[in-house]
Amino acid sequence: LPSPIPWSLTQPVTPDLLVSPSSQDGDLGSECPEDRGNWTGRLDFLLSCIGYCVGLGNVWRFPYRAYTNGGGAFLVPYFIMLAICGIPIFFMELSLGQFSSLGPLAVWKISPLFKGVGMGTILIVSLVAIYYNMIIAYVLFYLFASLTSDLPWQHCGNWWNTELCLDHHVIKAGNNTLPVNISNTVSPSEEYWSRYVLHIQGSSGIGDPGRIRWNLCLCLLLSWTIVYLCILKGVKSSGKVVYFTATFPYLILVMLLIRGVTLEGAWKGIQFYLTPQFDHLLSSKVWIEAALQIFYSLGVGFGGLLTFASYNTFHQNIYRDTFIVTLGNAITSILAGFAIFSVLGYMSQELGVPVNQVAKAGPGLAFVVYPQAMTMLPLSPFWSFLFFFMLLTLGLDSQFAFMETIVTAVTDEFPYYLRPKKASFSAVICIALFLMGLILTTEGGMYWLVLLDDYSAGFGLMVVVITTCLVVTRVYGMKRFCRDIHMMLGFKPGPYFRACWMVLSPATMMALLVYNIVKYQPSEYGNYRFPTWAEVLGILMGVLSCLMIPMGMVVAVLQEEGTLWERVQQASRPAMDWGPSLEENRTGVYVASLAGSQSPKPLMVHMRKYGGITSYENTAIEVDREMEEEEDEEESMI
């Protein structure tokens, strides 16, 4: 460990490599934290964002939401909400991360009074990471189960099956002779999922978790091991893994799509998925559903986008990347709908039942309906393996982002101690979250997973995003924020972004929040209703992330001096060292505000380093001139 450091020097997170030449003759270099690191390849950031956003929800939530909310007509509110809510908030998060090169906790130097927002984000991400990796463990379980010549959920007659079990071969034979009543029967895949994989019959409810399922426990351990090995060296290692995990799902999706549309009855499913019912657009529920799909699909508010952008170079074109990722994510969701519903159409024809009777969302689609459909195809183990391998790669890169967010947030708070030991710290976090997730591997683990899924990232996440939006536009100031983006990209955001940030995005998210509270429904799993204490526990999970905001305010105010109002004002102003991490990128108000800085103008650093002025330095001169003009205006008004 380095020798004790004066308190004043523990604030900045600027590596010694990044201190201006004029300040390198002192002894500061030896007392600066280890370099934070950057992406090593040009596509690392873009592929990481695509991998993070394109996750399990694109496959198992979007197609179902589309068909229940007006089919093809759902695309109208979906793209409108993408424009109002998705793209602007996505761009705001990337801008905050790239401008400051800080994680979701340290970025609140922008307004220390609201540091609790960052704490709330970390709490939400930690809870989501616990259960998200359990879903990856289920996927691994099915992946290994597919490595056989005969899928174990293909037929009845196994020890876990009941008298209600009826497989599709019997139904098909029944169609040729007498109709079979399937209303009181259960498919082999459903019994395999609930009675063998989960062994849910061993638990009477959420208060009775039962025994640990050791095969699930080993799958969870394997999934955490994979995640740890991929984030071992931070973005340097995960940035390379995403070249595979972000692109390979597309190859499998195309294969599943081609196989799906060539099946008999596929058109029936696609028709069901896309037939527009425009009368649905008059319902507020459809618009809310579209906004929710955008909100969760893009992963705004979880800190992952901010974390990834913080490892960019200062002038990375995140404006272009925003549109590539958000539109790519939307197109992937629509494509996934074709792949899913073409197979569901074939399945409904095979079973002789309407498509709406086989269509499900969430785990029911991934672990019951689609595996059952796979058993009806020739080479069923091959298609099953491909499907679950696609789910594995889709889930892993989202999990990388959650873990990178937690690790980056904490190491940016304690750079001197934790950055040199980042690999060990990542291991501690992975082990802690694995141990917390052990309850999910019990016989009643699915009840806990549903509770976490319903409450961990519900209204708490919306409060975090709304607060972030309001703080950046109203407390920090829209003018300042646009000027920061001008410094980075060479242009200011247009009226579309400004209108969304000021009014449309926060108003839409407020409507979402109110709708969620008004239309609150207790959690359920199948026919099981959760007890009151479980509901209260779930609500507390959501409330706790919101409570972090006032708790953070109290701490920030206590650290200031003066009257209460003076303390609030001081705490809401940006910290002294807020701004770009490299001194040559600091212009105007950001000049020489880094500890140890002696350089009068960052432009001089550029000229010494590069021997000339580039287009970005011209932008810096423009920004400086604008600031001087604004200061003159303010003085004349006074």
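Positions of Cβ are set from backbone N, Cα and C atoms, glycine also.
Because TrEMBL annotations are produced automatically, they should be read as predictions rather than curated entries.
Looking at the stretches 45-63, 216-234, the one that TrEMBL records under the feature transmembrane segment is 45-63.
Apart from Gly51, Val54, Asn58, Ser297, Asn329, Leu394, Asp397, Ser398, the Na(+) site neighbourhood in this chain, defined by C-beta within 8 angstroms of the site C-beta centre, holds Ile50, Tyr52, Cys53, Gly55, Leu56, Gly57, Ala246, Pro249, Gly299, Thr332. Count of Cβ pairs under 8 Å against the transmembrane segment (45-63): among 75-96, 382-402, 423-449, 538-558, the largest is for 382-402. Each residue contributes its Cα atom, and for Cys165 (disulfide bond) and Asn58 (Na(+) binding site) these two points are 31 Å apart. By the count of Cβ pairs under 8 Å, the stretch nearest in packing to the transmembrane segment (117-144) among 290-311, 323-347, 455-476, 496-518 is 455-476. Same-chain neighbours of the transmembrane segment (496-518): 81, 84-85, 87-89, 91-92, 284, 288, 291-292, 295, 458-459, 462-463, 465-466, 469-470, 472-473, 478, 481-482, counting only residues six or more beyond its ends whose CB sits under 8 Å from a CB of the stretch. A gap of 38 Å separates the Cα atoms of Gly51 (Na(+) binding site) and Cys156 (disulfide bond). For the transmembrane segment (538-558), the list of distant contacts is 112-121, 123-124, 127, 451-452, 454-456, 458-461, 463-464, 467, 523, 530, 564, 567-568, 571: same-chain residues at least six beyond its ends, Cβ to Cβ under 8 Å.
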